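Enquirer: The region 'Disordered' annotation in TrEMBL covers 1-20, 93-119, 889-919. The annotation compositional bias 'Polar residues' is assigned in TrEMBL to 11-20, 910-919. The domain 'Anoctamin dimerisation' feature in TrEMBL is assigned to 53-330. Annotation comment: TrEMBL describes 356-862 as domain 'Anoctamin transmembrane'. As annotated by TrEMBL, transmembrane segment applies to 375-392, 457-479, 499-523, 543-564, 668-691, 725-748.
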Amino acid sequence: MTEDAEVEVNLSPTPGSEQQAPHFLRDVIFHGKFKLLKALTPEENTQCQHGLYFQDGQRRVDYVLTYPVKKPGGGRSCRHSAHLLTENAVARSLRRGPQGRDERLRHHQAQRGKGSTSAVADVELGCPGETVNGHEDHKAFRREEFEGKLRDMGLELEKDEDAKIPGVGFVKIHAPWNILCREAELMKLKMPTKKVYEVKQSSGVMEKISSLVSKALEPLHPHVEERQPKNIKHLSHTFSREKQHLFDLSDKDYFFDSKTRSSIVFEILKRTKCKAKYSMGITSLLGSGVYTAAYPLHDGDIKETAESNDRKLLYEEWANYGVFYKYQPIGLVRMEICHPKNNITMCPLCDRVCSYWKLSTACGTARASHLFDNPATVFFSIFMALWAAMFMEHWKRRQMRLNYEWDLTGFEDEEDHPRAEYEFRVMQKSMCKDQKSQHKVEKLTFQDRLPAYMTNIVMMLLMIGVTFAIVFGVILYRISTKAALHMSSNPITRNHVQLTVKTTAAIINLVVILILDEVYGAVARWLTVLEVPKTDKSFEERLIFKTFILKFFNAFTPIIYIAFFRGRLVGRPGSYLYVFESYRMEECTHGGCLMELCIQLSITMLGKQLIQNNLFEIGVPKLKKLIRYVRSKQGTFQEEERQKKLMRYETDHFLEPFAGLTPEYMEMIIQFGFVTLFVASFPLAPLFALLNNIIEIRLDAKKFVAELRRPVAARAKDIGIWYNILRGVAKVAVIINAFVISFTSDFIPRMVYQYMYSPDGSMHGFVNHTLSYFNVSHFQDGKETMDPLQLGYPVEICRYKDYREPPWSATPYEISKEFWAVLAVRLAFVIVFQNVVLLMNDIVDWLIPDIPKDISLQMHKEKILLVDLFMKEEQGKVHILESRVTTGGKEKCSRSNNNNNCTMAHPRSGLNNNSTKSF
């Protein structure tokens, strides 16, 4: 080690002492450091050069602050002198202590109040043009004050204004061991102890099956080196400085990993307050431009030549298209919500009975939501939209093939005969006319049906209103039940409030949907009867339309509310929106409403498929069949005896009458809606629909064969109005999925943050970006929590999910500019997504012909064969007529041998007449 390096060690025996040393000594230390770096090992020198450590190569950089640096034009010497002058001022301020800083700040503010500008550099150095703007000077003094506070908190700082990025200065922050221990105890972090235990795995058939499955799926797992065996685990406990002997401190440098160290420093930055107005920590300083960025450092580089680190491992095993078939390395990727060291305090979710809570407690919901709320959702939605278009095209082709195979090509619907009810009404109208009138009434006019039409409109609106009222009732149930469960004395009940309320509300919605489906079906039929349609086809189409409208609203209104309205009509802390002046509108959890939407969709879809589509279809006909047996006094007979004594027609009499295919088609339409409309929030819907249809095919077959009377066969060229409904649902699905991705999920806010607000282009800090600040002293009277100390300490600032200005801004709690930026991108995404997908659907429609090529060729071939057949038949008739004419002429000549006037008629003239008449 060089002599200069020894001087530095003697002058700076403890970290951070160079800030307290005189200026000339610090200059010696500054130049001695470079000689010290030459004496370091190559590994330490590399780490220092990469910026992961301070200049001494020992202290790790835990956090970085950046600020603007104005480069004067007076040359290097002037800039260097100005920097030294600032360092001397800081040193004098530090020597005077906090009182000296306060006095200096008051003096500076007094100078600003007089309108003067700082000209310290000009006075002491005589550098021309070095007068600093008063606003920038004020920022510099705020930085000086804030950094002094950080040093008082125990953090160690190192500045670098000679970086390669022009105009940017860096403040590197290091948290010493004692500060890490102090903050870990205050934050109640759980750290590993010396106690190690073995996780015993159960033995049995299921464990062996699980082991086989794990081995089979082993190639799909990322190659991540396990730090310890899976069956070995450290016992964790809340850290305490008095009980350090309990913890595994064999390696203090890595006891607190980089994630923990950065979170501890960030917590200190948040709560460090200056005496300047509206100064609430690093957040307000970033907003006012005192600092331009604040971020922790990555663990290392991602280059192939770089040393192994978590970031490089993530790049190779996660951010790599070559491993798309593998599972994600969840152990290395933590969402900020699930970070165990996260200490964000959230505002209460309800008035009075709810208290403050930690964001990390929403980890389970956030993890589950991430399964559906990720960038792959966009591509899956596009795929499902294209699948729906291809499904429609496939059905048209399948329909044409069936038409050909069932000999229905060229079939046109015959004109239906008037229904008996229609003719009866016409007859009644005729009888009511004046007997003197000779005009015969032939049909019902619009005026005749006007009362029925008005009744239809009123009843349809009333039924839809009933659906809305029930959804609103379920909302009140959720709000009141949540408040009641929060008041429970059972801690298990309080910890599972969200899951309990969501699940029970979804089950209530399912029961209501099943009941109203039956009611709406009967109402739709009654309304159609009132209209008195003329034909059976018209009656069926009107019935289908009314039934679809009512059942669609019944099934999807609760889902649409959760997807697009819940959590958006809430207000904010201190100004919430209330219903009946007592019920505060419900919010989404921090993971968003997507998970609750998934729960509602899964319970509704599976419940309808299992209960309504399967159990009802089999159970109800059997029950009605049993009732008929009992009423006919045949139920007392034994089955074999009954079969022997009853004829076939008697046996069929006890079967359920065939009610048409409308319920079956309606079931498929609603299922198609579940599969396409909200597939972005419930990607498992197609799988459940497939499994249901596989089972239901056999159930319907058994129902038609064994439980229903034989239906009357009827010809039809297509499925009629159902195809138009399917196309309409497919078109609406594109729009709804665009809105779900844009407004319900966090896909757009994440993209906006990553490309517009993230300092390093990553997602670090996204959760903090989406949370707004609220001063708890601004709660309305009577709305504050009854247990403000539930977390163990008083809360001054809580967070809530919204884009609003902080309480220390000039317009507190107003909508921020970030909100409008996100909204603009959301609307743009809806427009682009909709047009792109619809364009792709049109391309698919254009590329795929409606008639399969082989069927088209067969139909063309059949036409040619039919023409040949007709020509051969016609030629045969012509030949027969010619032979008959020739034979008839010879007979006439033979009969009139004595007559010389015998002449033979020209065969062609008779042929033409006969052939024309025959044809």
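Here the Cβ of each residue, glycine as well, is placed from N, Cα and C on the backbone.
Any TrEMBL annotation is an automated prediction that lacks curation.
Neighbours and distances for these, please.
Expert: Beyond its flanks by at least six residues, the transmembrane segment (375-392) meets 675-676, 679-680, 683, 686, 723, 726-727, 730, 733-734, 737-738, 740-741, 745, 747, 833, 836-837, 840-841, 844-845, 848 of its own chain at Cβ-Cβ distances under 8 Å.
For the transmembrane segment (457-479), same-chain residues at least 6 beyond its ends with a Cβ under 8 Å from one of its own Cβ atoms are 350, 501-502, 505, 508-509, 512, 516, 520, 523, 527, 546, 549-550, 553-554, 557-558, 561, 579, 583-586.
Panel annotation: around the transmembrane segment (499-523), residues 459, 463, 466-467, 470-471, 474, 477-478, 481-482, 485, 493, 547, 550-551, 554-555, 558, 596, 599-600, 603-604, 607-608, 611-612, 663 of the same chain, lying at least six beyond its termini, place a Cβ under 8 Å from a Cβ of the stretch.
Here the transmembrane segment (725-748) has long-range neighbours at 372-375, 377-378, 381, 384-385, 388-389, 392, 395, 544, 548, 563-564, 592-594, 597, 669, 672-673, 676-681, 770, 822, 825-827, 829-830, 833-834, 837-838, 841, meaning same-chain residues at least 6 beyond its ends whose C-beta is under 8 angstroms from one of its own.
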